[in-house]
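This report concerns only the one structure given below.
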Amino acid sequence: MPSFNQSIFHPTVFFLTGIPGFEIYHAWVFILFCCLYVIAISGNGMILFVIITESSLHEPVYYFLSMLSFMDLGLCLSTLVTMMGIFWFNVREISFDACIGQMFFIHGFTLMESSVLLAMAFDRYIAICNPLRYATILTNSRIIKVGFAIVVRVTTVVVPLLLLLKRLSFCGSHVLHHSYCFHPDVMKLSCTDTKINSAFGLAIVISTAALDSVLILLSYVPIINSVLSIASPEERKKAFGTCVSHISAVAIFYIPMISLSLVHRFGKHAPPLVHTLIANIYLLIPPVMNPIIYSVKTKQIQKAMVKVALSKII
């Protein structure tokens, strides 16, 4: 087996990793990943379609849900080619420029999803704690401004992060631990000083995803107080039920993200298989689970999907 080092290969070529130790089963893994991608793309695509076509879903909460589905679609499509190439065709090479491009979309859509989850928490806060002003606060123009602000916020941090990465030199091993390009993974392969990159990357995580998660938790303090103050048990259950989908989406997004960050920060001696499995869970579980959660827990989405399906059959 050839050694992946600078003397043999061009220094701007990286090699992605499948599942270490399970190379002979990559064809079966390909089938599994195909199923997950089909579920994620079709599920999120369906949610986007019904929200756009059904006028009854033209409300702030569903606009934010459509943003979430769009982010999940983008995240899936940004890794589809490399993942399928590795597990079906054993194509592991990726150029440095292509790697940079993939990281832009992966980290961009991930941070945008975090921002959208925060916006959805604000939506639940207004709907439960200040319902009489819901329609006047969350107008269509303000929702558009929120969407634009999310794009600007993420772009202004991701672009400098990747520009800093481009200034690094790479030597020695060019083998990445994941099936796609991930900033901490690529940065570790550099043979130059990465203190600035590491500090800036940590600052981005703290000022975006970490801050968003704290604000989401804080938003649920008044939400829970308002729900518990409702006298009727049925109304209390109904009010809390509107938050269950969002809480589930927050959990399946942040738990894999935190796990992957901890592995990269403190799991230097962890087996490669651990890095790969957590990275794939982080990438695929939220896009797969979000449409399932919202289609099961949200009756309006269920009815819209059934209506669309029946209209196609008839």
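Every residue gets a Cβ built from N, Cα and C, even glycine.
Copied from TrEMBL, the annotated features are:
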- 25-51: transmembrane segment (TRANSMEM)
- 43-294: domain 'G-protein coupled receptors family 1 profile' (DOMAIN)
- 63-88: transmembrane segment (TRANSMEM)
- 100-122: transmembrane segment (TRANSMEM)
- 143-165: transmembrane segment (TRANSMEM)
- 196-218: transmembrane segment (TRANSMEM)
- 239-257: transmembrane segment (TRANSMEM)
- 277-296: transmembrane segment (TRANSMEM)
Exercise for review: Please work out which recorded stretch in 25-51, 100-122, 239-257 has the most C-beta pairs separated by under 8 angstroms from the transmembrane segment (196-218)?
Suggested key: 100-122
Review point. Under an 8 Å Cβ to Cβ limit, what residues of the same chain, 6 or more beyond the ends of the transmembrane segment (143-165), are close to it?
Key: 60, 63-64, 67, 100, 103-104, 107-108, 111-112, 115-116, 119, 183, 186-187, 196-197, 200-201, 204, 207-208
Review point. When you scan the chain for residues with a C-beta under 8 Å from the transmembrane segment (100-122), skipping those not six or more beyond its ends, what do you find?
Key: 61, 64-65, 67-68, 71-72, 74-75, 78-79, 82, 94, 146, 150-151, 153-155, 157-159, 161-162, 165-166, 180-183, 186, 204, 208-209, 212-213, 215-216, 219-220, 246, 249-250, 253-254, 257, 283, 286
Review point. What is the average pLDDT across the domain 'G-protein coupled receptors family 1 profile' (43-294)?
Key: 91
